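K.L.:
Pulled the feature table from TrEMBL, pasting it below:
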SIGNAL    1-18  signal peptide
DOMAIN    208-368  domain 'G-protein coupled receptors family 2 profile 2'
TRANSMEM  211-232  transmembrane segment
TRANSMEM  244-263  transmembrane segment
TRANSMEM  275-297  transmembrane segment
Amino acid sequence: MRILLIAVLFLLMPKSNAEIPGCDFFDTVDISKAPRFSNGSYLYEGLLIPAHLTAEYDYKLLADDSKEKVASHVRGCACHLRPCIRFCCPQYQKMQKSKCYGDMSEDELNKHDPFVNVTLSDGSVVRRHFKEDLIVQSDLAKPGCPRMYFLNHELPGNEFTLFENGSLLRHWDKVELSKREYCVQHLSFKDDSIRIAPHFCPLSSEHSRTWKTVAIVISLICIILTISVYLYVEKLRNLHGKCFICYLASLFLGYFFLVLNVWKYSSGFCVTAGFLGYFSVMAAFFWLSVIGIHLRIKFSLASNCLHRLLPENPFRAYNLYAWGIPLIMTAITYTADQVLKNEKLRPRVGVGKNCWIYSLLYSCDFSS
Ligand SMILES: *[C@@H]1O[C@H](CO)[C@@H](O)[C@H](O)[C@H]1NC(C)=O
Ligand SMILES: *[C@@H]1O[C@H](CO)[C@@H](O)[C@H](O)[C@H]1NC(C)=O
Ligand SMILES: *[C@@H]1O[C@H](CO)[C@@H](O)[C@H](O)[C@H]1NC(C)=O
């Protein structure tokens, strides 16, 4: 009798820590607040989830597949029944600098764009309301990095495809991200619109801002030390030494604008900083070529005939060449930036929050 009672109790007890067969954790939603029918089905956001697609969970799977213990709750495999959209934060919150940020105000709710383009398995693209047409998953763990990039599909190269099965295709490197690796959220853009934008972690090969800064600052200090030595030691103050100092000086300026850009200190004079940075980097390369040419002439076997090619005042000629051509190139770039109408051909200095010539890698941004 007692054994029977225990057996009955055991059968009546809800299975805990069970998993839904064939259903990835990242395809489930917390349905514990949804009404439950006597036959075990749940009605979640207008979607009937049959009993065999539900189970009790006492953990939450993190992005790296480790488990975090949470209070026991029922989850349903909703994404096998209707396409899901994987949010970073609760569904009406906004994302700001990779953080979930309060609920949207009335005003923001009125003007936000609730639609996303979903690509179906047959390749057709449909417009879907995030709340009415899709199942919002907002209790999944965010991708495991403190700062995330976002995509603004209006910037060139920032396009993305959101598939019906929940994968996200990033167009610029053709990488497909799973729901573990990205999430979407409402985001305020500079043009004052609020749209749903995908967020994802920086590529693992990218170095953090701190390490970039440390590396650049060490370079800057070493450049200053080298310049000091060349200025101090009299033997080094020859033509080669002077060229080398000019090279180091332009390299110093280039790195200096780069570190300003990393920390966004140059945003007040963004376009100017972009052109100055471009000019310094170009000048550095031209001084490097001057050093090459000069050494070639100096050590050349046929030195006599090459020496005759040297102008009266070589250093002045070198200066004209190594500062002049970058200056002309900068002028051409500036003119192109002003004149060209085609966005793809324009250098777009200072576009996309980066005070440099626009490039795809630089166009992704951390903060909004
Ligand atoms: C469970 O009950 C609901 C409501 O009565 C019904 O709509 C649904 O079809 C039932 N599901 C199954 C699997 O019987
Ligand atoms: C969705 O598609 C429409 C039409 O192709 C386009 O105008 C719109 O910018 C797209 N929106 C997003 C968020 O990709
Ligand atoms: C999702 O669908 C896309 C396009 O149909 C496909 O390339 C991709 O492999 C699918 N991803 C998964 C995880 O099934």
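Even glycines carry a Cβ here, placed using N, Cα and C.
For each listed feature, how buried is it and what is near it?
P.N.:
Remote same-chain residues near the transmembrane segment (211-232) are listed as 241, 244-245, 248-249, 251-252, 255-256, 258-259, 262-263 (criterion: CB distance under 8 Å, separation of at least six residues from the stretch ends).
Within its own chain, the transmembrane segment (244-263) has Cβ neighbours under 8 Å at 209, 212-213, 216-217, 219-220, 223-224, 226-227, 230-231, 273-274, 276-277, 280-281, 283-284, 287-288, 290-291, 318-319, 322, 354-356, counting only residues six or more beyond its boundaries.
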